[in-house]
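Asker: So Swiss-Prot lists the following for this protein:
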BINDING   VAL5, ILE6, GLY7, ALA8, GLY9, VAL10, THR11, GLY12, LEU13, ALA14, ALA15, ALA16, ALA17  FAD binding site
Amino acid sequence: MKIAVIGAGVTGLAAAARIASQGHEVTIFEKNNNVGGRMNQLKKDGFTFDMGPTIVMMPDVYKDVFTACGKNYEDYIELRQLRYIYDVYFDHDDRITVPTDLAELQQMLESIEPGSTHGFMSFLTDVYKKYEIARRYFLERTYRKPSDFYNMTSLVQGAKLKTLNHADQLIEHYIDNEKIQKLLAFQTLYIGIDPKRGPSLYSIIPMIEMMFGVHFIKGGMYGMAQGLAQLNKDLGVNIELNAEIEQIIIDPKFKRADAIKVNGDIRKFDKILCTADFPSVAESLMPDFAPIKKYPPHKIADLDYSCSAFLMYIGIDIDVTDQVRLHNVIFSDDFRGNIEEIFEGRLSYDPSIYVYVPAVADKSLAPEGKTGIYVLMPTPELKTGSGIDWSDEALTQQIKEIIYRKLATIEVFEDIKSHIVSETIFTPNDFEQTYHAKFGSAFGLMPTLAQSNYYRPQNVSRDYKDLYFAGASTHPGAGVPIVLTSAKITVDEMIKDIERGV
């Protein structure tokens, strides 16, 4: 069969490879001039920067894409586990190194507060149990009809998840120490959600880091995008770049998707899998006479969106890779207040920031004697933060100064401004324009209870035959391992349909 995949982000690349490995003719259409989507790369002034995700969690999910296609993952990506997850800075002279080794982890916890290990381990155990339930009964399945969700098994297993509790409530139930609470709560920002609003299940990220480890891909995270692109090439997939999709064509008589309009041409296909940002697709790519019924264009703005980010890619003329960790977090003095600012639409003058120094793990990513630094500051998305003008150069200059002051929390960066030889910024406006991310959201639709599982945009269209959706704004959600799972379960359903002649 001829299959079209819209979008060459990590979801689209993974999905296309899985389909092609089953013997089908696959074409990927990508609007930009390179693959990867938000897993993007910037090469500038001799530096190589990952532009989007940077932390490799759940490596087995990465490997599975290749092995499911009958290939050896080691021929495409080089993975290695990190001994330390990150350094966390509460202040200039208050730093904690978070290890993966259990004995070292216990030492770290006891150094923060004697006796805290028991509560921390109880938290991890609770979350692990919830994760296993969620993975088996909710995350790794699709919901094609109401009875797939509304049944006794889902009711019983869902009750065990206690989804009415929020992430911060679960953390505070087990952890009294404020520093340790911060260590656990900030990671909900990895998928753009407010720990006060996100279901307690979304506190799984620290558990995944501790129990499955954190890894690094040689060449940076973009090495995964390159590996997937090579996998597709080896499987005979055709990738068309600079291919802007103008419309998904729906046959009104048979109510099926049978073509796409790309760069002015109508291209016929047997099935279409769309991995572009779902809200933008529902708003702009469906014909007027054939909207996605639950998500018509006029309702898209009313959905809840994850936060955005202000990113800086900085090159400095000194090598500091032996004085800093690969992954670092610098906390705001008022962490809770900063969370409120992000999700209430205000800019922070004392943000929590994430700092990634890739040359710590791979010297090839910076010129000899120099260092590349990636900084992420969570910000409101464009709807909540409608009063923020990201095109205002005075404003972006002010934000850069805030970030440089915050970076000075790390001793080696105290004089960073005098060493800068390269600087690039990426704003919420850029998320919207580059990736068609609605409201510049960095992680798609926010996974609130009302936008999760059965209530999230589904992988198999309920309105039109031969149309499928995958990616961060669809089930099961955002984050690289999760969108890879989205690709898998969507392709599984497509293959079942093909085998049944549907």
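Glycine is no exception: its Cβ is also placed from the backbone N, Cα and C atoms.
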Asker: Least buried of the binding-site residues LEU13, ALA15, ALA17, going by other Cβ atoms within 10 Å?
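Answerer: With the binding-site residues LEU13, ALA15, ALA17, fewest surrounding Cβ atoms within 10 Å: ALA17.
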Asker: What other residues of the same chain, not counting VAL5, ILE6, GLY7, ALA8, GLY9, VAL10, THR11, GLY12, LEU13, ALA14, ALA15, ALA16, ALA17, have a CB atom within 8 A of the CB centroid of the FAD site?
Answerer: ILE28, GLY37, LEU228, THR275, ALA470, ALA487
Asker: Return the maximum Cα to Cα distance in Å (whole number) over the record's FAD-binding residues: VAL5, ILE6, GLY7, ALA8, GLY9, VAL10, THR11, GLY12, LEU13, ALA14, ALA15, ALA16, ALA17.
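Answerer: About 13 Å separates the two most distant Cα atoms.
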Asker: If H, G and I count as helix, E and B as strand, and all else as coil, what does DSSP give for GLY7 (FAD binding site)?
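Answerer: GLY7 (FAD binding site) sits in coil per DSSP, no helix or strand.
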Asker: Return the residues near VAL5 (FAD binding site), defined as same-chain residues 6+ apart in sequence whose C-beta is under 8 angstroms from its C-beta, sorted by sequence, else 'none'.
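Answerer: Once residues fewer than 6 apart are set aside, VAL5 (FAD binding site) is near GLY12, ALA15, ALA16, ILE19, VAL26, THR27, ILE28, PHE29, LEU273, CYS274, THR275.
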Asker: Per residue, counting other C-beta atoms within 10 angstroms of the C-beta, which of the binding-site residues GLY7, GLY9, THR11 reaches the highest number?
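Answerer: Counting Cβ neighbours within 10 Å, the top one is THR11.
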Asker: Helix, strand or coil at ALA17 (FAD binding site), per DSSP?
Answerer: helix
